[in-house]
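Q: The structure that follows is given in the form of C-alpha cells.
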Amino acid sequence: MRKILVTNALPYANGDLHLGHMLGYIQSDIWVRFQKLQGNQCIFVCGSDTHGTPIMLKAKSLGITPEELVTKYSNRHLQDFTDFEINFDNYHSTHNSLNKEIVEDIYNKLNNKNLISKKAIAQAYDPEAKMFLPDRFVKGTCPKCKAEDQYGDSCEVCGATYDPTELINPRSVISGQSPIQKNSEHFFFDLPALEKNIKDWIESNTLLQPEVANKLAEWFEQGLQSWDISRDAPYFGFAIPGTNEQKFFYVWLDAPMGYIASFKDYCNKNNINFGDFWGDSSSESELYHFIGKDIIYFHTLFWPAILSSTGYKTPTSVFANGFLTVNGKKMSKSRGTFIQARTYLDNLEPSYLRYYFASRLTSRIDDIDLNLEEFVTKSNSDIVGKVVNIASRCAGFIYKKFDATLSGEIFDPELESEFSKNHDAITQAFEKREFAHAVRLIMALADKANQFIDYHKPWQLAKEEGQEQKVHQVCSQGINMFKVLIVYLKPIIPSIVAEAERFLNIQFISWADAPKFLINHKIDKFKPLATRIEKEKVDKILEDTKKMLENEQSPQSKKEEPKLDIAAECTFDDFMKVDLRIAKITEASHVEGADKLLKLILDLGGVTKQVFAGIKSAYKPEDLIGKHTIMVANLAPRKMKFGMSEGMVLAAGDGKGIYILEPHEGAQPGMRVK
C-alpha cells in the first residue's frame, strides 16, 4: 500500500469560484479517488488562501473585517467543492495559529541558516492611497515583450518575471495614478544559494512534466534572484517577528505553508503521524501538488528550496493544468461564459462537467476548451446513451423474469476476457493522469457492450418460446459489462456510480476486482441514473451569468452626476457655536460588545476627553495612537451603554469607507479650527 499525500492550490478567499478553478480541482479529485479505489492510503488536503492586500482592500470597501470576508468566501468555496463532489479529507485556512506557528518556525530556520537578508529597495508607492503597492496592484507595459496591461510581477503573455519598477508606463490599480518610487527595507530569501538543492530535486523528479522542466531550464538560464518575502504595512497577514507589525510575510510565503498546516490539522484530528507522510527526504511516502500553470514559478523554485533547507520532504512531483476556455475563447462575462461554479450547479448536475473535463484532460499542460455544444452532445451520448443505456436495456428482464438474479454462467467468455484485458491499460491511464485516454478506452468497451446487446436483441428473444435461458444470460452479461464500466468511471462520476451500486446491490468493489463478473447475484430494481441535458439548461447558465454581470454593472451604468446633499443653511453665528479643536489620540482600544465603536482618549493640550467613535471597521486601535485629528469639543456629553462620550471626532465617508480628518503638520493639540 502506497502512502500518498495530495494537495491542491489554495483558492484565494476574496471571490467566488468559476469553472476555470474547477478544472484543476476535478483533475486532482479524480486522481485521488482512483488511488483510494486501489487501496492506497491517499490523503487529500486543501484550504483557503486568506492573506494579502486584495483581501484587505475588498474588506475595507465592504465595511467588514478581512476575517469576515475570508470566512464568507471560505464557506462558499467549501460548499461549491462539496457540491462538485470534490472530496477533500481536510479543508483548512492560512489564517490561523497553526499556520502562523509553521510560518514563523520555517522563517526562523531560514534566518538561522543566513538565508534571510535585509536591504532597502525602491518600491512603487501610491501617494493618493498612501500605501506601498503590491506587485499585482501595479499594471503597465511588459518590459520584455511590450504587452500592455500586465501585472507588476509577471507577464501573462510571455511569462517573464520582473520588478514592478521595470514596468513601462506603470499605474496604480487602486487610484489609477502613476506610482512614485519610495525606499523601504525588505526581507529577502537567498534563492541563488539553494540553486543546487533545486536542481537536485529536478533531477530526481522523474514525473516532472516536460513543459515544467523546460520552463525551469529557462529560469535557470536567466539566473535566480533573491526573493522578496516581505510586504509593508498596512497588510492583512502574519507580521514578521521583530518588526513591530510594520513588515508582513508576503502571501506567497505563507500560502504554500498552508498545505503543511492543513495536513498537520488533519493528523491532529485523526491521530496520524505527520512524519510518515511529510517527514524528511528519507520518507518513502509520496507528495504531490496539483496546481494551475500560472503558479509553477512559486511551486517549483521557491517551494522546493524552502522545504529542502528546513528539513521537510520535497514534492515527489508538481502537476500543473492549463487554463479553461469556453467555446474556443477566453472566459468572458459579456458573453456569459465567465461561469461561476454556483451558477452551473444551480442548473446542472456536477457529473456532466466532471465527465467532460475528464474526457479532455491529459498529463500535459494544455488549455482545455469547454465547447458547450460538444459538452451537451458528449454527456448525452456517452453517459446516458452508452453507459446508463446498457443497464436500462437489460435490468427489466432480469428483475421481472428471473427473480432479479443474474445468471450463473457467462454467455460470451471471449467478450468478458476483452473487458478484463483492458484493465491494465485503463489503470495505467488513470495513474499517469491520462484521463482522456482512459475515457476513450472505457467508451470503446461501452460500444462493444451495446453492440453485443444490439446483436442479440433480448427484447425480441423474450417474445420467442424457449429462449428464456438465452435472455437471462445475454442480459446478465449486459449488466456485468455495465458493472465493469461503472467501477472504471467511479473516480469521474461518483454520484451516478453510487446510484448504480445501489441498483447492483453492491457496497464496494475494489479497483482490482473491477473486471470480475457477478455470478448468481441479486440486483435491485433499476431506476434512471442520469437524464439527458436539454440545450435550454445550458442557455440558462449563460443567461444567468450575463444577468450577474448586469447586476454588477447596474449601479455604475445608472450612475448620475454626483449631487451634494447639502444640509439646511446655517448662519455664521450658528457655526461659531461649534467649537472644533485639534486633538491628539493618546489611547485607542476596542469596546467589548460593540461592533462599530472604538474608545479614544484625546488630548486637547492639557485637557483630556473620552470619545466613542464609530470607526472600528476602518482602523485598528494601534494605528490611531499618536495621530492628530479634529473633534467637536463642546458637544454635550452623552451617556452611552459603554460609558460617557465627551465629544465627536470628525470623519468623512461615502458608504465604502471611513476616513478621520487629519490636520497638516504644525497644528497642535488644543488649537481651535475656524
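Residue numbering: from 1, along the chain as shown.
Glycine too: its Cβ is placed from the backbone N, Cα and C atoms.
Features from Swiss-Prot:
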type	residues	note
MOTIF	11-21	motif ''HIGH' region'
BINDING	CYS142, CYS145, CYS155, CYS158	Zn(2+) binding site
MOTIF	330-334	motif ''KMSKS' region'
BINDING	LYS333	ATP binding site
DOMAIN	574-674	domain 'tRNA-binding'
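Explain the structural surroundings of these features, please.
A: Counting residues 6+ beyond its ends, the motif ''HIGH' region' (11-21) has Cβ neighbours under 8 Å at 46, 48-50, 52, 54-55, 58, 69-70, 73-74, 76-77, 80-81, 93, 323-324, 326, 331, 338-342, 344, 353, 370 in the same chain.
CYS158 (Zn(2+) binding site) falls outside any helix or strand according to DSSP and counts as coil.
Sequence-distant neighbours of the motif ''KMSKS' region' (330-334) (same chain, 6+ residues past either end, Cβ-Cβ under 8 Å): 18-20, 324, 545-546, 548-549.
In this structure, LYS333 (ATP binding site) belongs to neither helix nor strand by DSSP; it is coil. For LYS333 (ATP binding site), applying a Cβ distance below 8 Å and a minimum sequence separation of six or more within one chain yields THR545, LYS546, MET548, LEU549.
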Q: Near CYS142 (Zn(2+) binding site), how many other Cβ atoms are within 10 Å of its Cβ?
A: 22
Q: Inside 10 Å of the Cβ of CYS145 (Zn(2+) binding site), count up the other Cβ atoms and send me the figure.
A: 12
Q: What's the number of neighbouring CB atoms sitting within 10 A of the CB on CYS158 (Zn(2+) binding site)?
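A: 12, counting other Cβ atoms within 10 Å of CYS158 (Zn(2+) binding site).
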Q: Which residues, same chain and not among CYS142, CYS145, CYS155, CYS158, have a CB within 8 angstroms of the centroid of the CB atoms at the recorded Zn(2+) site?
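A: The answer, listed by sequence position, is PRO143, LYS144, LYS146, ALA147, GLN150, GLU156, VAL157, GLY159, ALA160.
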Q: Residues with Cβ closer than 8 Å to the Cβ of CYS155 (Zn(2+) binding site), same chain and 6+ apart in sequence?
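A: In sequence order, CYS142, LYS144, CYS145, ALA147, THR161, TYR162 meet the Cβ cut-off.
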Q: What counts of helix, strand and coil residues does DSSP assign across the motif ''HIGH' region' (11-21)?
A: 3 helix, 2 strand, 6 coil
